[in-house]
Amino acid sequence: MPLLDSFTVDHTRMEAPAVRVAKTMNTPHGDTITVFDLRFCVPNKEVMPEKGIHTLEHLFAGFMRDHLNGNGVEIIDISPMGCRTGFYMSLIGQPDEQRVADAWKAAMQDVLKVKAQNQIPELNVYQCGTYEMHSLEEAQEIARHIIERGVGVNSNDALALPKEKLQELHL
């Protein structure tokens, strides 16, 4: 099985909250697709609660588009990580990390403005696979956590696992 890019960085040195360019690629038509690691929690030390991350998934996708789309950028998808420490965001374009961090903080402010559970988009049996597994309160706790701590930048060079370590881990 090939080693995925996300597993070539040292999660023990990863800071959170922080933005990291996880991958950049070009399509056959010349568009640049950038994948960002939006790390909400320090790996192996913190984790987002399942109801909170699910609600955040519904809110974050729209709010990030409100703040980041335009000027050569269009979000394709924002999806939670299985480890529940962050989200991956794929987009067309190459915004710098600070632009992404600013949009992320603004989106978290928007999450705090949601007044009631019934304002969560697509919260129904037809549009959500587990529509009863939501918590606006938990999503807002996550948003407050991001706003209070601020958003930094994780560098791939600083986090890269040495080839020797990768070989040792995959014997």
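Heads up, the Cβ atoms here are built off N, Cα and C, so glycines get one too.
Per Swiss-Prot, these features apply:
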- His54, His58, Cys128: Fe cation binding site (BINDING)
* To do: State which of the following binding-site residues has the fewest other Cβ atoms within 10 Å around its Cβ: His54, His58.
  => His58
* For Cys128 (Fe cation binding site), list the number of other Cβ atoms lying within 10 Å of its Cβ atom. => 17
* Asked: With a radius of 8 angstroms around the mean position of the C-beta atoms of His54, His58, Cys128, what other residues of the same chain does the Fe cation site pick up?
  -> Thr55, Glu57, Ile120, Glu122, Leu123, Thr130, Tyr131, Met133, His134
